[in-house]
Each structure stands twice: as C-alpha cells, then as structure tokens.
Amino acid sequence: MENITDGKWGSLPVKLHDNILQTLKELGFTYMTPVQSACIPLFMSNKDVAAEAVTGSGKTLAFVIPALEILLKREEKLKKMQVGALIITPTRELAMQISEVMGRFLQGFPQFTQILLIGGSNPIEDVEKLKTQGANIIIATPGRLEDMFRRKADGLDLATAVKSLDVLVLDEADRLLDMGFEASLNTILGYLPKQRRTGLFSATQTQELEKLVRAGLRNPVRITVKEKGVAASSVQKTPAKLSNYYTMCRAEEKFNTLVAFLRQHKHEKQLVFFSTCACVEYFGKALEVLVKNVSIHCIHGKMKHKRNKIFADFRALKSGILVCTDVMARGIDIPEVNWVLQYDPPSSASSFVHRCGRTARIGNQGNALVFLLPMEESYVNFLSINQKCPLQSFSSVKDVVDVLPKLKAMALGDRAMFEKGMRAFVSYVQAYAKHECSLIFRIKDLDFAALARGFALLRLPKMPELRGKTFPDFKAEAIDTDTIRFKDKNREKQRQKWLAEQKEKEVPLRKNFIKNKAWSKQKIKKDRKKKRLPKAKLDQDSDAAEEDLNELMNDTRLLKKLKKGKITEEDFDKQMSSTDKHKPAGIDSSDGD
C-alpha cells in the first residue's frame, strides 16, 4: 500500500472511541498523517502490519490508538495480572516517550494500567511493581523485558501474564536488530501466544528485518508511506518540511564554526551529534564554557542512570543545546527542535537520515546541517543517490572567532579536561577508521596535525595510527603534561598517591604495557585463528591420551590370555612387539628391568 493521503480522524473507515478522539483534540492532532490513516484501520480489523515510513511521520499514534481500540473490544475484561498489549522499542528514551503518549490516552480509560520496563532503574523495583500493581500494557526495551521473563524465582510469572496478549508492537524494528537485540527478541517471542495482532514499524527495510517479519507476523499487510508530493521514482527519506544543509570547513576551523553557529542561534532548540561518547564528554564540557547563557545538556550511551533525567529535562526546555551520540538518533520526539547539527557524520548512511529526522517532525518545519571536511565533499552526492537525501550548501557562518586558545587554556588548567581531549581524539580516529563509507572517509587521507589542532590538543597521544610518523605542522605545547593537575582536589590527591606508590615500588610504568595495535579486519581474523589453535592442540592431546589408554587395555587383555593358557609365550611376545612398532618414538612399553 502506498501514497495514503491524510485527512480528519472522522474520515477513517473504522470508528474511534469518543475518549480517544477527545485526547487527540487536546493534543492538537486535528489531522491524521499518512502512516496513521494507513495503519489504524488495518490494525483494528485484525491484520498484521509491517509499516515503513519516514522518520517523524507520526508512527507512535499509528500503533497506540489501534492497540487501545483492540483492548476496548475484548469480550472478557483484562484482569490486573493480564497483559493485553506489549510495545518493544530499542532505547529507553523512546520507551519513555511512548509511555508518556500512552499515559495521556489512558486518562480516559482508568480500567487499563501500564508499566515502563527500561534499563537505568532497579529491576527488583520493577518486579515488585508488577507483582503488586500488575499491568495491562507493557512498554519496554528488550533487555529489561527478557530479564523480567526470567524472574520466576522472585515470584513474578510474566510468561503466564502474557498468555492473554492481543497486541504486539515492535517499534523502530530495524534498529532493534542493528543494536543486537535479535536473540532477546527471539526469546521474548517464544513466550508470546501465536494468536495475536502484530505491528512492525520502521524507517528502513533490511534483509534482517524481512526475516523478523516472516518469523513474527502472519500474512502481514505491507505499508510503505511516502511523503506527499514526492515522485515514486525518487522517494525522499527525510521529512518534506526539512531543510537539509551542509557546510565545508577545515579541521582546525570546525569547532570554531560550531561555536559561532550556536552563539547565533542560542534562543533556539538544537541537537548536536558527535561520533563517540568521548567526543560528547569533551566538546560538551567546552561548549558549557564557550556558549554563555544557554542551557547545555550532554547525553550518550555510556550514561546508565543519568540519561532518563537529562532527556526529560531537555524535552521540557523552550531553548537549549543537547550534545549527544546516536543514542538520540532514532524515533525520539523532542518538541520544537529547530536545528539538528551533525558535527561528525554518522558511521552509516541510514543513521544520517534518522539524525535529521529529530527535527521537522509530524509536518513541522525544521533544519539540519552537517559539517564536512574538504576531503569528504563527495558524501553530499552519495547521500543524494544512496539515501534520496539531497543537501543544499549552507551560506558561511558569520562572526567565526578562534576559541581554540581558550580550549587549550581549559586543558592546561584542569587535567580532567586534558585527558578528555586526548580520549576524544583517539576515539574519533578509531571511529573514522571503522566508517561504513570507507571510500569517502579514508583514514589514510586524514590530516592528523590539522585534526589535533582542531581538538586543541597540548600534545599528540600515543596511538597505533600515529606510530612512526612525524607531524611538523603540529606544534606541541612546551610543557610537561604530567605536571597538569586535576581541579578536583580529591582526584589530584589520588593521582599523587598513585605516583608516589609507583616511585616506591620502582616498577617501570611500561613493564606490563601491552602495545596498542591499529584496528583491522585482518588482525581480528588472525586473533580468532590463534584462539582456535590451543583448542585444536587440546583435541590432539586428548586423542593421543585415548590411544595410549586403548593400547594399555590391549596389553592387559593379552596378559590375561597368557595366564589362562589361551595363547603361548611366543604368541604373546609377537603381539606385544607388533604393538610397540605402532607407538611413537620415545614410548617404552617394557617394565624397565
């Protein structure tokens, strides 16, 4: 099904409950989006649905509304410990967002209860909440949900609770697989009844996703929703009201350009994407100092417990900056994001589309800007062809000033900042080496000296990619970096204590040093082969031991036959000597007399 047009909710071929229509009115959703008008009637008429739609097209309501309608039409009312709907999504931020939307609709249906099962919270608390309050609707991430199914020893029988399941939704299904949740999903699907309605929603279609469709859905209706007004021959994968730009700048000017842009748009809401967690930590801290009078938040995948609060705080802001990795790239709906800035291009082309989709959501206007090095210019043409995502050149950012000396001063004044910068540089280079578009993002063409200047490094780190090379264009600061102290007195005290201990022991710091090696596929294959060798040797040794045992048993049998008179001494000597001939050199079967 394609090219579904949008319209008012009353134009649907199925009737929605009055309370649902009232909530839609309160939320300001007067018109349906194409994906909603396509999916809701099919889902409500007991069809399995596999929907592909551009990011920001309103997929959440396309499954929340029919899920509620299906539960309302049940002949038997759900009991406290019966789960009627299960929604699985890849990230906790997206799960929180869906739970928030579901909560608004459940205000009109007090007979239903929901629970949010995500990482970053105490699983024991989740178990107790489920046991005492129950839940008719579960919104969860795969890891935590799988954990709950295994909590029978704690008195939670979730496997029995889901036997009443009517609706299963896999949201951002392509990313569920990308993030390695396939095994968890298969485990979860094993607990669920076959007689259910299943909806699978994604922004892209992959071969792995097709396998999941075949495994989890029964004769699904496939829906591909295209942006209104886009020709079938060139389906644009980003929202129609998104203005997509790129800007070219040298490595040492890149951060200066970003700071100037953020200063000029400080009254707007902006997302800034970096390629690694270490880059978020470093540049996020720098932006807090360099961009004044703006609320700046940082979020990345290694933050386990803080992420939920940071995400909620930023969503509530009218303006501000969220510095993040791709943990925020999919499905997250943050109100009124004006700009999505991609300081580092993502590791895959499809991620580029999803990052851009954090703005211009559900028909709103939005802008996206990617920062490219001169050597990366061909990426613009690649995106246009590969992802149907055309980019316009952005007029140069004005009032760019050199903030790198200030960044260096921050590193000189606090060892924490110095170490963050070094880690950020190393992680960036490693991420660049593993980029999916390696024909465009070539590590061998990277100007390491210019890059280090752009990171405001005091010296170059020791890493495999730089070994044996000289960089006359990079001038290290004339300072012993070991003398840079932590601003945090406790951390500095611990460092000094550690240094004193090392001196007392007089153990060379490099004694246990393991030489770093550059990442490569060939290296990984060699390592795997090495790991297999000891196992092969062990199997060989095991075979040899078994052979020795068989020979010993054979000798014992011959000796018994001799004692019982079944063979002569001559026969015995002959058979024993023939056995010795087959033994490896160095093995003596005599008694040693």
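Cβ atoms here come from the backbone N, Cα and C positions, even for glycine.
The motif 'Q motif' annotation in Swiss-Prot covers 9-37. Long-range neighbours of the motif 'Q motif' (9-37) within the same chain, counting only residues 6 or more positions beyond its ends whose Cβ lies under 8 Å from a Cβ of the stretch, are 3, 44-45, 51, 53, 57-59, 61-62, 65, 68-69, 72, 104-105, 107-109, 223, 225-226, 228, 362-363.
Counting Cβ atoms from all protein chains shown, Ala53 (ATP binding site) has 25 others lying within 10 Å of its own Cβ. Per Swiss-Prot, the feature ATP binding site maps to Ala53, Val54, Thr55, Gly56, Ser57, Gly58, Lys59, Thr60.
Annotated motif 'DEAD box' per Swiss-Prot: 171-174, in sequence order.
For 241-405, the entry in Swiss-Prot reads domain 'Helicase C-terminal'.
Look at Swiss-Prot and you will find 524-535 tagged as compositional bias 'Basic residues'.
The region 'Disordered' annotation in Swiss-Prot covers 524-545 (among others).
According to Swiss-Prot, the coiled coil annotation covers 535-565. Averaged across the coiled coil (535-565), the predicted model reaches a pLDDT of 64.
Per Swiss-Prot, region 'Disordered' is recorded for 569-593 (among others).
Note on the motif 'DEAD box' (171-174): DSSP counts are 2 helix, 0 strand, 2 coil.
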